[in-house]
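> Below you'll find the structure I mean.
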Amino acid sequence: MACSIGNAFRCSSDTLRFAPRQQCSSRLNPNPSSFLSFNSSPILAQNLGASSSSLSRRTIRARTKMAASEASINGSNRMLVFVPPHPLIKHWISVLRNEQTPCPVFRNAIAELGRLLMYEASREWLPTVVGEIMSPMGPASVEFIDPREPIAVVPILRAGLALAEHASSVLPANKIYHLGVSRDEKTLLPSVYLNKLPDEFPKNSRVFLVDPVLATGGTIMAAMDLLKERGLSVQQIKVICAIAAPPALSKLNEKFPGLHVYAGIIDPEVNEKGYIIPGLGDAGDRSFGTETHWVK
């Protein structure tokens, strides 16, 4: 499903609905995914395989591969929000929402959700090298992630650590750069207290920016600005979040057209305290057991 979105959102527990206007198109897709386009026309990815050339034996020759679908989407000037319709994603979101979920279970759930979202976000985005090697039984065509192309994960502390916990098991040879951004609970403005980003990211880097909750948008906007200042284009960044809300998505769309956001779910609103409703509470406190009380 692909949808073009107007200026306002309204979501239900069963189906994402958007107001005031909505245009949807559906097509047969081997890897179905729901994604929402902040533009007037819908866009839907297709798996269009790339043809392979003959390979010499016992060698691995570098050839960057990217499916035509991903290339065409990246070439567009639209911000897309992907909500993968995977039953495990729905399961872990449900575990996270439950106020009775204890801290260890919550942290495991958010880590498993992060693994699934990174898997979906890396689909057809990571460059590969193809070639032929010898298996114990004879020659075999192979395809590996290209080790020359830098892959980085940037978790926003604290809760981003939990969501990115399984990044290394999904993404080969990735680097992790920590970024600490806190939010003033009165003004809701972000403040950077830890910055372990490089002065400049290597050329052709692909970066996964991980923040569990996109509510008012202050934290993710500050993080995006820091990445852009260090030489990254919007096409080199993918945002991973457990849950998102319209205020944050609208701000990202306005300033960073072309950005791709992968979310477990989109909720309809943010309250006056800056929390998503119904949301999942404070992801950092619930991940690390530091929540002493909760005022709804």
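Glycine is no exception: its Cβ is also placed from the backbone N, Cα and C atoms.
Per Swiss-Prot, the feature transit peptide maps to 1-61. According to Swiss-Prot, the GTP binding site annotation covers ARG148, GLU149, PRO150, ILE151, on the basis of similarity to another entry. For ARG158, ARG183, ASP211, THR216, GLY217, GLY218, THR219, ASP282, the entry in Swiss-Prot reads 5-phospho-alpha-D-ribose 1-diphosphate binding site, with the evidence type similarity to another entry. What Swiss-Prot lists as uracil binding site is GLY281, ASP282, ALA283, and the listing cites similarity to another entry.
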> Taking the Cα atoms as reference points, how far is GLU149 (GTP binding site) from GLY281 (uracil binding site) in Å?
37
> If H, G and I count as helix, E and B as strand, and all else as coil, what does DSSP give for ARG183 (5-phospho-alpha-D-ribose 1-diphosphate binding site)?
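Assignment for ARG183 (5-phospho-alpha-D-ribose 1-diphosphate binding site) reads strand.
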> Helix, strand or coil by DSSP: which one applies to ARG158 (5-phospho-alpha-D-ribose 1-diphosphate binding site)?
coil
> Note the Cβ centroid of GLY281, ASP282, ALA283, the recorded uracil site, then list each other residue of that chain whose Cβ lies within 8 Å of it, in sequence.
ALA159, VAL213, TYR275, GLY279, LEU280, GLY284, ASP285, ARG286, SER287, GLU291
> Out of ARG148, PRO150, GLY281, ALA283, which of these binding-site residues is nearest ASP211 (5-phospho-alpha-D-ribose 1-diphosphate binding site) by C-alpha distance?
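Looking at Cα distances from ASP211 (5-phospho-alpha-D-ribose 1-diphosphate binding site), the smallest one goes to ALA283.
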> Among the binding-site residues listed here (ARG148, PRO150, ILE151, GLY281, ALA283), which has the Cα closest to the Cα of THR219 (5-phospho-alpha-D-ribose 1-diphosphate binding site)?
ALA283
